[in-house]
Amino acid sequence: MRPNWELRNCCNHEQVVFLVTVSVCAVVILALWRTVLLRPFKLVTVFLHEASHAIACKLTCGHVEGIQVHADEGGTTQTRGGIYWLILPAGYLGSSFWGMVLILASTNLLTARIAAGCFIASLLVMLLVAKNWTLRGLCIGFVLFLGVVWVLQETTKIHILRYIILFIGVMNSLFSVYDIYDDLISRRVHSSDAEKFAEVCPCPCNGAGWGFIW
């Protein structure tokens, strides 16, 4: 059967609701960006950023010595070995990738359950390599938070698991873009991943250029 590329009948009611919900999440996140209400979700996004560095390190046969997430929304991943020029961009790109995965997972209750389960498992694993109490507290707090949301989903009429997964996904997608803008355009952070990448890459491109490409 030939694919139909016409957009005339592209969106049914459920798809429209999904797109509106994504837009509402984005507006709420931007409206509350500077408030303390978003701080836990920002720290979770930093956690996924650093976890992406760690995953890239392990996939390139390196060793992860430790991960830290700081209360000021910064983070560090200590690695040894691996392919450095693949590890560096994995933070920004990985954060955006996980945002995409969580947004797609939120479209179905089963995939939302799988995403929540994998997220909880990754938080528990992160406890083993966490090097500071901010990250440990974040992991424990979000395990409990997602656990409560899951119990409410299964035992009551409060069905918000899909929306929580969607909100975290949208938050990651927005934060990855904002992080590049904040580190490289609005202010120049010479310790940023893009600046470090510019130092090791022979291409004639500075950190802001690499941030734009990413």
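The backbone N, Cα and C atoms fix where each Cβ goes, glycine too.
Going by TrEMBL, these are the annotated features:
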- 15-33: transmembrane segment (TRANSMEM)
- 83-104: transmembrane segment (TRANSMEM)
- 110-130: transmembrane segment (TRANSMEM)
- 137-153: transmembrane segment (TRANSMEM)
- 159-181: transmembrane segment (TRANSMEM)
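Among the recorded stretches 83-104, 137-153, 159-181, the one sharing the largest number of Cβ pairs closer than 8 Å with the transmembrane segment (15-33) is 159-181.
Tertiary neighbourhood of the transmembrane segment (83-104): same-chain residues 22, 45, 48-53, 55-57, 59-60, 62, 77, 111, 115, 165-166, 168-177, 179-180, 193-194, 196-197, 200-201, 210-211, 214, selected by CB-CB distance under 8 Å and a gap of 6+ residues from either end.
Here the transmembrane segment (159-181) has long-range neighbours at 21-22, 25-26, 29-30, 38, 41-42, 44-45, 48-49, 92-93, 95-96, 98-109, 112-113, 115-116, 119, 146, 149-150, 152-153, 194, 211-212, 214, meaning same-chain residues at least 6 beyond its ends whose C-beta is under 8 angstroms from one of its own.
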